[in-house]
Structure formats: C-alpha cells, structure tokens
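Per TrEMBL, these features apply:
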type     : residues : note
ACT_SITE : 320      : active site, tele-AMP-histidine intermediate
BINDING  : 104      : ATP binding site
DOMAIN   : 13-338   : domain 'RNA 3'-terminal phosphate cyclase'
DOMAIN   : 184-286  : domain 'RNA 3'-terminal phosphate cyclase insert'
C-alpha cells in the first residue's frame, strides 16, 4: 500500500495548516492514500493543533477513512480515504480554533458525497489568523456559489478567543460537477456595508466607535458613496465569551465582493480596530483585482476541481495562494498559470490566475 502513497512535505512554502487542508481534502476526493510529513514545520508550535486534528478526523469520518498519527503535536500523518458518504457529522476543536478553517477542509469533500450533509462545526467563529464567520457568509459564500452549488450556513452561537464554544451548522447537497468561474471584470464600487460587533461584557459603544472610525477612514478615499456599517451587540444566548470585531465589504457593479476585517483585543483601541479593517479594504480595492487577499487562496481548490477553464483577476499573489496552487497541481490533473495582467493602468499590480480544471465527476450521482 505504502508504495502508492502520495508524499506531501508539510514544511515547504506557506508551511502551515493550509497544506494539510488542501491535501487531505483532495486525497479524500480522489481516493489517494496520503502521507504528510513535517506538518507545520515552520510554526512556533509545530505539528497538529486541535483545529487541524478535528478537521482531519471529520474528513476521516466523512469517507470512512483511516488516519494514523492523529494526535496533538504529531508532525506526520498517513491517511487512507474510503467512500464519501454524507449525513450528519460533528467537528469540535474544543478551543477557539476556527470553524471557518474546518469548513475549508470539509466543503470540497461533501460536494462530491453520495447524499446531503449536515456538518456541526464547533470552535471559534471570529478567530485571529483565519477568516471570520461573517466573511464566510458575506463574501466567500456568494462568490464560491458561482461554481454552481449552494450551501446553508447557520450561525447557532458565536465563540471567541480563548475559550471558543461557537457552533455553525453547514448544510450542503452534493453536485454532479462544478462549473468554472470567470471573475475578471472588477466594475465600479457601488456600495460599502458591514457590521461592527461586540459580545459578552463589552458595551455597544465600542461597536459604534469601530464603525465610525472605519467610515471616517474610507471617506478619505471614497467620498460620494453611502457607507452602512451596522453596530451590533450579539445576543447573550447566541455568543460565548467576550469578543469584538468588524468587517467591511465593498460590492461592485459586476457583483465582486472585497472586504477588510479586524478583531478587537484587550488593550487595543476601538478606533484602531475600525481603521485596520478600513485600510485592509482600501488596500484590496487599490490593486484592481476582483477578489481580495483572503478569498484568493480559498478559490484554488474549487478551480482545480471544476470542469473547464476558470479565470480570476487578483492583486499580488499571496504565499497561501501559491501554496494552494502547488498542492492542487501535485494531487490533481489541474493546470494553473499566473500571468501579470496587461492593464490600461500600469500602476495596478494585478494578475490573472487561470486554471484548466480536472473536471471532477461525482461518482455517486
């Protein structure tokens, strides 16, 4: 058996959990036995953390696979996938580990399952170093559904650092195949909206301050557009712990969505949180691409699986995206090319990511 295992070096390029997510999802989909060595070798705490382990265990359960080396701190795993079923599955990080990262590993798998799936994902909904759940719902969902599938994401409870305790329920039906996407026209920004939230012990005034600071910052660059950033206090029965943050989304005339977000933490001024999110949004608008930095790498696996040619115009290619492309090409027959976009505005640092997808067909449908 071991002769046929695909060998993955988890310490190269971005060197983090993303390598694990992309390669185990593709291993599950393609029925390829996998060995991943040097897991998160470049991180301050190498090896599997609770969120990586719960993600792996969920994929194992989704396809009745076999997982060896699945314990906290392990730097090497082997994974042997079975058949992807569907049904109800629970993944619980038992920490503030991000539910959105659990979603990233599970979603491609359940798209090609034999029957509909309901995934109960538990952990942090608004965590550092990961997309916030608000980003997943407001930006990722409408864009990724252009691949011709839909999903329902129900935020049951929000959970924050350090204890987590959030829960999101994801419902998806399988598809026969994915359609390619073409996101190459930015269009003009038509509206800017978002939400600034507080939960637990924090007063609504903080949310209002974050919102106002973000609006002021955006106004300096974009004067004539209505900006609607709602300050909200999360209901106590729908949030565990104390947290705050903001997400600001720009929508364009062609349906592109680009965002900036930031999380509050102890000792960090509310104005600063709002300004961080606004500056991230403005940065994402400046390059002229159709996707922001957070979405760029999340689309790669779907482009690789789709049937036909997908094209996405982006700003500078992030290391996360380069890493996703590298492993998608290593495991699938998809072919990616990245070319500098020849633009009327030479100051724009834009690129076209093109992918001839492998055309994955769901064997169960």
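We number each residue from 1, going along the chain as drawn.
Cβ coordinates come from backbone N, Cα and C, glycine included.
Quantities reported herein were computed from a predicted structural model and do not represent experimental measurements.
The two recorded residues, the residue listed as 'ATP binding site' and the residue listed as 'active site, tele-AMP-histidine intermediate', show a Cα separation of 13 Å. Within the same chain, the residues at least 6 positions away from the residue listed as 'active site, tele-AMP-histidine intermediate' whose Cβ sits under 8 Å from its Cβ are 14, 18, 296, 297, listed in sequence order. Secondary structure of the domain 'RNA 3'-terminal phosphate cyclase insert' (184-286), assigned with DSSP and counted as helix (H, G, I), strand (E, B) and coil, comes to 36 helix, 37 strand, 30 coil.
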